[in-house]
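Engineer: Mind looking over this structure? Questions follow.
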Amino acid sequence: MPTHHFKHVVLGLLMTQGLVHLEIQAQSKQIPIETRSNALVLEYDSTKTLKMRYYGEKLNDAKEYSTIASGYRQLTDYSGLSDAAYTPSGSKNLLEPAISVVHSDGNRSLDLRYEKHEVKNLDANVKQLDITLKDPVYDIYVVLHYKSFLNEDVIEQWATIQNKEKKVVTLEKFASANLTLRSNAYWLRQYHGDWAKEMQVEEAPLTHGIKVLDSKLGTRANLFQPPSFMVSLGKAASEDEGTVLMASLGYSGNFKVDFEVDYLNNLRIIAGINNYASNVKLASNQDFTTPKLIYTLSTKGKGTASRNLHNWARKYQLLDGNGERLTLLNNWEATYFDFNEQKLKGLLQDTKKLGVDLFLLDDGWFGNKYPRNSDHSSLGDWQPNRTKLPNGIATLVEEATKQGVKFGIWVEPEMVSPKSELYEQHPDWVVKQPQREEHYFRNQLVLDLTNPKVQDFVFQILDDLFTKNPALAYIKWDCNAVIYNAHSAFLKDQGAFYVSYVEGLYKVLERIRSKYPKVPMMLCSGGGGRVDYAALRYFTEFWPSDNTDPLERIFMQYEYSYFFPAISTSNHVTDWGKQSLKFRTDVAMMGKLGFDIVVSHLKEQDLLFCQQAVKDYDALKGTIWHGEQYRLADPREGDFAALSYVNSQKTEAVIFNYLVNNRYGIGTTDPIRLKGLDAQKQYRVEEINLYPGTKSSLGQGQTYSGDYLMKVGVNPDLNSNRPSVLLKISAR
Ligand code: DGJ
């Protein structure tokens with residue numbers, strides 16, 4: 001046995017017998033990151049390796065964090081790096097690294113040691129801890145950033161990698177965060193999907209080895225998998241019980257999350273940009289800043305974790321998260337590409353008739369040499385089509401203003417159709433491999449946003465629309481293609497392509513937002529192909545899926561609701577699905593309500609219902625958007641779904657209840673227990689959003705105490721005749 005190995009074994013033996021840990025403990029220093037309920041404790045000892053020692057409930061006495069290590073009697077950590085706060089590769093490391101570098105001299109080893117740290121109090125609620133690590137041999141520094149949000153129990157974590165060597169250094173892996181969790185079992189809740197099948201869930205225990213969630217699609221990066229996940233410790237957490245880490249990577253491109261259950265039975269989570277076909281070259285004195293991993297830990301189940309994320313998102317991330325939103329009528333499914341000025345003017349009247357705030361003109365309004373009459377042409381040629389719209393967009397905006405409604409428009413600015421003037425004029429602006437056959441996704445290609453000229457062009461599309469139509473009140477930003485044949489005619493180093501694409505996208509969005517800070521914009525990507533918190537800095541809402549079948553939506557929206565607040569979720573009433581108009585409308589109300597139906601085809605009663613529903617929604621939207629969300633019945637666990645929103649004063653709540661199974665005789669036999677109310681208050685419970693001519697089987701507004709409603713509950717009387725029931729609870 002080599003002597004160094006022997007030393008480790010002896011040390012390991014002594015450690016397991018408790019003989020040396022006291023000495024290590026005496027030398028170790030803790031850096032706790034405390035939030036309202038939790039502490040994430042980092043630690044280093046005389047070796048100066050920074051480790052993640054603990055993430056759990058915070059202790060009353062911070063001094064006791066130094067004792068935590070002594071409670072663990074795990075097998076030998078041969079490298080001393082298994083729980084490193086940012087694992088380097090090529091030196092002692094034996095497990096999945098967070099960072100891999102090639103130094104300017106070709107050497108591939110990295111070691112990172114604690115140098116210093118600093119805590120800044122950004123305000124009474126937000127702190128930022130910056131810890132500098134350095135390689136003792138090479139001039140590479142990594143600064144780990146932890147921004148902690150006290151009341152929300154949320155941490156944003158990212159890294160800045162600095163090359164202070166004299167020449168270029170290549171980063172081959174460059175993660176945002178490297179967490180270590182300790183438990184006897186880890187349950188991963190993850191998502192997969194495709195068009196119209198977003199947020200399909202799977203939950204299973206992690207076994208030893210590495211499980212990866214990732215995307216290699218470039219744009220529309222979440223089509224198959226989003227960067228949001230949760231891990232429960234011990235057993236799968238329920239809504240109100242169990243310890244669960246809920247996390248989402250704020251990045252709109254290729255991502256990768258490694259879940260490694262190691263030989264010590266710890267779970268190592270390494271999350272960041274995907275290094276697939278990518279590296280980052282850093283010139284001397286250049287830095288690279290990774291995107292942020294956003295996470296929260298709850299020891300009280302998934303409900304608390306969600307509310308933490310929602311509160312953080314509304315206050316600190318989502319554009320105008322505490323603001324208002326516009327209800328709308330969209331014409332995509334009502335007309336597809338088949339419309340003209342006259343038809344649209346009719347739809348503007350319908351918008352007014354329905355009572356919503358805005359009309360949203362979708363795809364098909366542009367292109368002249370190649371008119372956009374199908375999805376086979378015209379992307380890139382953003383001039384109004386003269387046949388359909390002889391007087392341009394301006395006349396529609398004017399007409400909308402006359403009708404007393406607002407006007408919004410659809411764009412897909414990152415894309416180009418092979419059949420377009422843009423492609424003919426600027427073939428070098430298109431992402432493609434010059435020697436290979438083009439391959440299309442929805443008949444289109446992606447523009448090369450790494451090129452500053454393309455960034456200018458994309459910015460100009462939006463800027464022109466706003467300049468020519470100052471009253472334009474809403475943008476739907478679509479993104480329908482993935483990247484095939486990734487290659488940029490602009491870049492010298494193709495390894496930089498995927499990362500530079502996303503940087504280019506953010507540069508454009510940054511410019512748009514500095515000129516137009518507040519205009520609401522919907523983040524759409526052929527459905528939910530791009531749903532992440534970095535993009536949501538620039539967008540007020542996202543489009544979860546083109547699948548608006550309400551039954552499907554209940555399941556999808558339920559899963560999205562773990563990570564994203566209702567105010568960010570755009571839901572439209574459409575003709576998808578077999579459910580009644582009432583059912584479809586109730587489901588769309590669990591977020592930001594819109595319609596995509598032919599209003600003029602509605603029967604009188606249907607129209608009446610929709611008009612009343614918009615009024616009901618207007619009265620309740622404050623609670624849905626800004627209230628606390630409680631999931632009451634999981635559609636995957638039974639025959640019902642129930643979800644509620646409670647305002648901050650606990651004076652109003654809305655409860656959405658749905659039957660998700662139509663087997664014979666099915667119905668709510670038992671009451672559904674409410675959550676988040678004030679036990680001391682008396683509440684009136686009334687059924688709202690009833691279809692004209694129907695009466696509630698619940699009678700006319702009975703009163704119960706909050707105590708009763710939370711301990712016993714209320715029965716919405718769901719059954720096959722009443723598959724969707726909306727309850728309003730008001731304090732008396
Ligand atoms: C995909 C979007 O998800 C739809 O809502 C619609 O805008 C179409 N694109 C238009 O092409």
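Quick reminder: no glycine exception, Cβ is built from N, Cα and C everywhere.
The annotation active site, nucleophile is assigned in TrEMBL to ASP478. As annotated by TrEMBL, active site, proton donor applies to ASP546. What TrEMBL lists as substrate binding site is TRP195, ASP362, ASP363, ARG442, LYS476, TRP477, ASP478, CYS479, ASN480, CYS524, ASP546. What TrEMBL lists as domain 'Glycosyl hydrolase family 36 N-terminal' is 49-283. Summarising the annotation, TrEMBL assigns domain 'Glycosyl hydrolase family 36 C-terminal' to 641-721.
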Engineer: Could you check what DSSP calls LYS476 (substrate binding site) once collapsed to helix, strand or coil?
Structural biologist: strand
Engineer: Can you tell me which of the recorded positions TRP195, ASP363, ASP546 is spatially closest to ASP478 (active site, nucleophile)? Compare CA atoms only.
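Structural biologist: Nearest in space to ASP478 (active site, nucleophile), counting only the recorded positions, is ASP363.
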Engineer: List the Cα distance (Å, whole number) between ASP363 (substrate binding site) and ASP546 (active site, proton donor).
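Structural biologist: Their Cα atoms are separated by 14 Å.
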Engineer: Determine, using Cα-Cα distances only, which of these binding-site residues is closest to ASP546 (active site, proton donor): TRP195, LYS476, ASN480.
Structural biologist: TRP195
Engineer: If you skip the near sequence neighbours and keep only those at least six away, which residues in the chain come within under 8 angstroms of TRP195 (substrate binding site), Cβ to Cβ?
Structural biologist: LEU223, GLY526, GLY527, GLY529, ASP546
Engineer: What number of additional C-beta atoms lies within 10 angstroms of the C-beta atom of ASN480 (substrate binding site)?
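Structural biologist: I count 24 other Cβ atoms within 10 Å of it.
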Engineer: Identify, in sequence order, the residues in the chain of LYS476 (substrate binding site) that are 6 or more apart from it along the sequence and have a CB within less than 8 Å of its CB; answer 'none' if there are none.
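Structural biologist: ASN330, LEU360, ASP362, GLY408, ILE409, TRP410, VAL411, MET521, MET522, CYS524, TRP543 - these are the non-local Cβ neighbours of LYS476 (substrate binding site), listed in sequence order.
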Engineer: Report the mean pLDDT of the predicted model across the domain 'Glycosyl hydrolase family 36 C-terminal' (641-721), rounded to a whole number.
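Structural biologist: Averaged over the domain 'Glycosyl hydrolase family 36 C-terminal' (641-721), the predicted model reaches a pLDDT of 97.
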Engineer: So among the recorded positions ASP363, ASP478, ASP546, who's got the most Cβ atoms within 10 Å?
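Structural biologist: Top count of Cβ atoms within 10 Å goes to ASP478.
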Engineer: Under the DSSP assignment, what numbers of helix, strand and coil residues are found in the domain 'Glycosyl hydrolase family 36 C-terminal' (641-721)?
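Structural biologist: Once the DSSP states are binned, the domain 'Glycosyl hydrolase family 36 C-terminal' (641-721) shows 6 helix, 29 strand, 46 coil.
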Engineer: Taking TRP195, ASP362, ASP363, ARG442, LYS476, TRP477, ASP478, CYS479, ASN480, CYS524, ASP546 as the record's substrate-binding set, what's the max Cα pairwise distance in Å, rounded to a whole number?
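Structural biologist: Output for substrate binders TRP195, ASP362, ASP363, ARG442, LYS476, TRP477, ASP478, CYS479, ASN480, CYS524, ASP546: max Cα distance 19 Å.
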